[in-house]
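Features reported for this protein in Swiss-Prot:
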- His434: active site, charge relay system (ACT_SITE)
- Asp483: active site, charge relay system (ACT_SITE)
- Ser578: active site, charge relay system (ACT_SITE)
- Cys21-Cys104: disulfide bond (DISULFID)
- Cys51-Cys57: disulfide bond (DISULFID)
- Cys137-Cys166: disulfide bond (DISULFID)
- Cys141-Cys147: disulfide bond (DISULFID)
- Cys201-Cys284: disulfide bond (DISULFID)
- Cys227-Cys256: disulfide bond (DISULFID)
- Cys292-Cys375: disulfide bond (DISULFID)
- Cys318-Cys347: disulfide bond (DISULFID)
- Cys340-Cys345: disulfide bond (DISULFID)
- Cys419-Cys435: disulfide bond (DISULFID)
- Cys517-Cys584: disulfide bond (DISULFID)
- Cys574-Cys602: disulfide bond (DISULFID)
- 21-104: domain 'Apple 1' (DOMAIN)
- 111-194: domain 'Apple 2' (DOMAIN)
- 201-284: domain 'Apple 3' (DOMAIN)
- 292-375: domain 'Apple 4' (DOMAIN)
- 391-626: domain 'Peptidase S1' (DOMAIN)
- Asn127: N-linked glycosylation site (CARBOHYD)
- Asn215: N-linked glycosylation site (CARBOHYD)
- Asn308: N-linked glycosylation site (CARBOHYD)
- Asn396: N-linked glycosylation site (CARBOHYD)
- Asn494: N-linked glycosylation site (CARBOHYD)
- 1-19: signal peptide (SIGNAL)
Amino acid sequence: MILFNRVGYFVSLFATVSCGCMTQLYKNTFFRGGDLAAIYTPDAQYCQKMCTFHPRCLLFSFLAVTPPKETNKRFGCFMKESITGTLPRIHRTGAISGHSLKQCGHQISACHRDIYKGLDMRGSNFNISKTDNIEECQKLCTNNFHCQFFTYATSAFYRPEYRKKCLLKHSASGTPTSIKSADNLVSGFSLKSCALSEIGCPMDIFQHSAFADLNVSQVITPDAFVCRTICTFHPNCLFFTFYTNEWETESQRNVCFLKTSKSGRPSPPIPQENAISGYSLLTCRKTRPEPCHSKIYSGVDFEGEELNVTFVQGADVCQETCTKTIRCQFFIYSLLPQDCKEEGCKCSLRLSTDGSPTRITYGMQGSSGYSLRLCKLVDSPDCTTKINARIVGGTNASLGEWPWQVSLQVKLVSQTHLCGGSIIGRQWVLTAAHCFDGIPYPDVWRIYGGILSLSEITKETPSSRIKELIIHQEYKVSEGNYDIALIKLQTPLNYTEFQKPICLPSKADTNTIYTNCWVTGWGYTKEQGETQNILQKATIPLVPNEECQKKYRDYVINKQMICAGYKEGGTDACKGDSGGPLVCKHSGRWQLVGITSWGEGCARKDQPGVYTKVSEYMDWILEKTQSSDVRALETSSA
């Protein structure tokens, strides 16, 4: 535990307003007060991640640099809360502060790939193995049940006996117990949270069975599935036992025991009525739960500290209210006659120390449930459009089938469709940077949404104008990298059944395996063709990057790209489809997985299309959309 001495630094006049998604980091700034916990992290980004997953943390301060007398505080991550959502800022050189990402659905991810040269992340060393490089060391950690982080000593390390050795480590908190600078050492974290473990994924649920292994913690949960999710995101839980509300010992009813063992596997389950046991899903590659619980439990009362009371129409509205209230962790919606008025029934917003109810009782007239603040896509409620299923080899789409698709048209002597794009917000469209090669002038562009046929467009057809064009700063003409651009519209869109946004993926979706993917657009239906009048659609399989690279030996297919297409050809995006969406259905939602970018010809055999991988640009998208909105607010306030 790190203790921070209260020193009389200069206090800023600015308050920290915690409303909605706040991703900004404040340099040379420290939040005063509100201390919850202190840990060590290698950088501010990991500190922010830890704050996001802490049940009460709203703000954090990280010390990247400290005075010589305070070296024990360097790399200190101070997690904080505030009743008002604000804390005073003080100036401190080397400090970096920011907000939890609890309300930033697309940013929420436990995966952390960064490695840190020159740092020794210390913990309990439980395994030392010889490996040839840092990648092998990280893989070794990822495929070990107990490894949370590691340190690798290079061949230049000053102690010969440790050279090219990989030290696997863990701690009670899952974070380093201290961090020191050291030459020729490299540290990093396990990639289990990135769905890259090869351990395997036992998903068995054992009814009327209990594990008798070591308990690492316990929480109150309404069922075994919430228990399993909590186990999955706990740093030391490998399996669990949950006792139902019919368990004979009253004090253990609805108790979820989080467990571990030295071997990483549980002992054989013991037959026990009203007990349910199972495994953490941390090592799963495909089936990983989100760190949230969406089910609403009828006739159940979640007890906890009362945060606020309001009156609403329905348990789902109560859950939405809880989700939008950043400190709310769970809620009770009462249907008792004395708790109902004209405007609705009583919605009690609640919280606890660990984010779980302090007690669960049954038989009430009403419902209980959890905040959805840690659900990946909770901040895009309008993007949940359900649909019924450039395109070479495609078929005509139906009106409203792909409501996020837009046509980007240039108006010079005449008006022409040039590219596609995707609605991602009321004032934002995402497309390809190369669409603006030679035409980077916002005034000449028109954006049409909610249409099926290009021939429908007349002078009276509503269109949007560009207020701001944001092309990725690393994009270069005639290169395939960083082919992404944001369009800010002059006027916010009105959402209709024909014009709605597509869900954006989370950063954690980098390794998600998609099986139901489609491309859409008005582009050519053959290589030497012409723009189509009716929007085309085509289902298309994704191609692994390694296989795609073999087809394009003269180009580099990097992790910021994703490929799709049939081996035999015949279906692909083509000219006029650029900037349009590659969407995939995953966990019941359509997500924007790719942006049509480039390829060799159209629908050629063994020449898949190459798309910009959206999940790799989520930080950039959020940074640019938020900074633009902040600038607009500052301008309007001036």
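Just so it is clear, glycine is given a Cβ too, placed from its N, Cα and C backbone atoms.
Cys347 (disulfide bond): 26 other CB atoms within 10 A of its CB, across all protein chains. The domain 'Apple 4' (292-375) makes contact with the domain 'Apple 1' (21-104): 3 or more of their CB pairs lie within 8 A, with pairs spaced 6 or more apart in sequence. Under DSSP, Ser578 (active site, charge relay system) is assigned to coil, being neither helix nor strand in the three-state scheme. According to DSSP, Cys419 (disulfide bond) sits within a strand segment. Here the domain 'Apple 1' (21-104) is broken down by DSSP into helix, strand and coil counts: 16 helix, 35 strand, 33 coil.
The least crowded of the recorded positions Asn127, Asn494, Ser578, judged by other CB atoms within 10 A of its own CB, is Asn494. Using a 10 Å Cα-Cα cut-off around Asn127 (N-linked glycosylation site), the disulfide-bonded residues Cys166, Cys201, Cys345, Cys419 reduce to Cys166.
The C-beta environment of Cys375 (disulfide bond), restricted to residues of the same chain at least 6 apart in sequence and closer than 8 Å, consists of Gly105, Ile108, Glu290, Cys292, Ser294.
Mapped onto DSSP classes, the domain 'Apple 3' (201-284) shows 13 helix, 34 strand, 37 coil. When the disulfide-bonded residues Cys21, Cys57, Cys227, Cys347, Cys517 are ranked by how far their Cα is from the Cα of Cys147 (disulfide bond), Cys227 comes first. Cys137 (disulfide bond) sits 59 Å from Cys340 (disulfide bond), counting Cα to Cα. In the three-state DSSP scheme, Cys375 (disulfide bond) falls into the coil class.
Cys517 (disulfide bond) and Asn396 (N-linked glycosylation site) have their C-alpha atoms 16 Å apart, to the nearest angstrom.
Secondary structure at Cys147 (disulfide bond), as computed by DSSP, is coil.
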